[in-house]
Every structure is written in structure tokens, then in C-alpha cells.
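Participant: Reproduced below are the annotations present in Swiss-Prot:
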TRANSIT   1-17  transit peptide
REGION    30-59  region 'Disordered'
COMPBIAS  45-59  compositional bias 'Basic and acidic residues'
MOD_RES   K168  N6-acetyllysine
MOD_RES   K200  N6-acetyllysine
Amino acid sequence: MLTGITRLFSRVQKLDPRCFLHMSVQATQNSQVPAERPRTVSRTSDSDPAKHGEQHEGQHYSIPLQDLKTVFPHGLPPRYMMQVKTFGEACLMVRKPALELLGYLKNTNFAHPAVRYLLYGEKGTGKTLSLCHAVHFCARHDWLILHIPDAHLWVKNCRELLQSTHNKQRFDQPLEASTWLKNFKTTNERFLSQIKVQEKYVWNKRESTEKGSPLGEVVEQGLTRVRNATDAVGVVLKELKAQSALGLFHLLVAVDGVNALWGRTTLKKEDRTLIAPEELSLVHNLRKMVKNDWHGGAIVLSLSQTGSLFKSRTAYLPHELLGKEGFNALEPFLPILIPNYNPKEFESSFQYYLENNWLQHEKASTEEGRKELRFLSNCNPEQLERLCASL
């Protein structure tokens, strides 16, 4: 019976959602459908995440476009960015799990080891945007942001792979490293002249960064000498971790798709054998940053099925996506479940799409249309967005 239900649901998903928003015969025979009372989309004017509380749950807040450029220079999920471009604004919903996370971050004890917060949930529930809500909070309150927007990009489809000059057992990814350095500089430029490196770093026979030099010189080395970009990333992470307890800055380590650090890669050596994640210099250094053996900040991680390699599409629990090695490496952590929309959140999202004329079908704004969208999407944020986009 379960198999039959599963097949039925999969067929429903494949149908054109417009066919469900039908014009019934009875409706055409009756008088004109009475217009529904106007509703105002649930919004808050507070664009500062620090001011968000339980009273804002389910409301949308606007990320200033300037913040979008500096805090998220790499962009946000593609379909979300399509909405930003279409609507001319970047709005995030204030959700209960994000409020829980913000509460923890507001009360961070910087004298204690960094706490690891792990966002998990089924596919499409909004883990990435909840993580971005936390990143925006920290950026607005002068934290130094070390953000990896998609760790899976480091373990597959690498554009260039070189043997490490620092360690012959590992491999460098200069293009991925230089891209990350560019975005890191955009977000944290005000810190790069203040933080001084604690060691001398030799890049080649002619170039070196002297002890006491601004950290920005290391970043520039990676940007101007792309071959050194991977080593530059390693130096940046090492220096930030070593200096985080000095009180010069508060450090947020945010990694989306952290399960990629302990999964399998698609990258191959010259003998055609697969490269293990720990053989990649970027992964090796990032694993050090998600350890809780440093002070002066917090670690916010998310699990992701999107882009995950060789994992079941239905897997979403930490032990399923991290595996034994990854789970043991991150334990202890504080898990935060990101669920599907509750009724209030669904209604807020639905009204937001209506307000922005994202729903063009004539029956979409009716109670019948609302119920069918709720049924088809199962209140899953990603599925709701995809259904609404096709209407």
C-alpha cells in the first residue's frame, strides 16, 4: 500500500500544477465568485536581525541591497536570486528555528570554546536561508565572517587541480581558492588592515609576507598569484583561528553543506583513483576551522542534500549525511531542525507571492487555489516556490 501511495504522489508531482486550478462547471453556472477580503502580506520594517523576536515570526524582512552585495557577494541560492531580481528586493522570512539560533548567537560567551550549531531538515525546507539569516545578523554586528556558501563545490567538478607545493600528499584548487578569497575580502575588508599575521610566510624565492604584516597582504597574494591562492586560504584560516581569542574580533564560521567535508569526491588522481576529501588542501584546512578548539566566536553549519554525492535523496538526519566519521568529528553539536512551513508561515509566503504578482493564474488567489497549493507543496518552501513560479 505504501508503494502505491508513493507512486501516486510522484505522479501528482509530475502533473502540471495549473491543471489543479481548474474552473469547475458549478462555478461557471453560479454568479461571480465573491472577491476575497484584501490581505496585507506579513512584513516587518526591522531590517536588523538583532531586533527580530517571537513577535516577528512568519514575517518577512528586507535585506538592504548594499548588505546583499557585501555580506553575500557570492550570491544566494539561484532560485532565490531570481526572485530578488524579479521583485527588486531581497526578503527573508523570520522563522522560529532562525530565531532560536539568533538567540544563541546573541548570548555567545566568547571566553568559552566555540559552540557548533547544526541546521538540518528535509530537502527544500530553508536551511541555507536560515543560515544566511544568522550570517546577516553577525555581519551587521561587526563579526568577522568566514562563510563557505557551498562546500560541495570544493569536492566535485573542480576546474583546476594541482599537487600542493606545501604538502605533496595533498591537492590545491587555486581557482576555487581565489574565488573564495575575493568574496572574503569583500565581506571583511575593514578587518584586513587591523589583523596582523603572527608568522613570516614565504611564497617563493622572491616573495614573502613578513611577521606583523596586515592579513590583507596574504589575501592579495592569493588574488594576484592564483597559484598561491590555496596556501593563502590556509594562512588566513590559521591566523584567524589563532587570533580569535585575543578579542580583536568576533569570528563566525558558517559552512553550508558541511557534510561534503566527509563525503566522497568526484575528483581523480592521475591514476584515475578518487581523491579523498582530506587530500584536498581546502577541505583539510576547513576541517580544522569547524573544530571547537578555539575561542571568540561561533560555528554555524548546515547539512545539504543538494549537491550531496552518493547519498539517498531522502536522507536528511545528521548521522545519515555526515556518516560515522563526520558525525564523530562534529560531536558535540547543538542540532536545530528546519521544518516545513507551519500554517502561519505558509500563509505569509502565499500572500508575499500574491503581493508581488508571482501568481498569475486566475484561480490562484482563491481559497480553493490556496488549499491545492498547500496540498501539492506539502508546505515545503522549495516546492511551494516552484509551484508558484509555474503559475
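Each Cβ is built from the backbone N, Cα and C atoms, and glycine gets one as well.
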Participant: When the compositional bias 'Basic and acidic residues' (45-59) is classified with DSSP, how many of its residues are helical, how many are strand and how many are coil?
Facilitator: 6 helix, 0 strand, 9 coil
Participant: Looking at the modified residues K168, K200, which one has the fewest other Cβ atoms within 10 Å of its own Cβ?
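Facilitator: Least crowded of the modified residues K168, K200, by Cβ count within 10 Å, is K168.
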Participant: About how far apart, in whole Å, are the alpha carbons (Cα) of K200 (N6-acetyllysine) and K168 (N6-acetyllysine)?
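Facilitator: Rounded to a whole number, the Cα-Cα distance is 21 Å.
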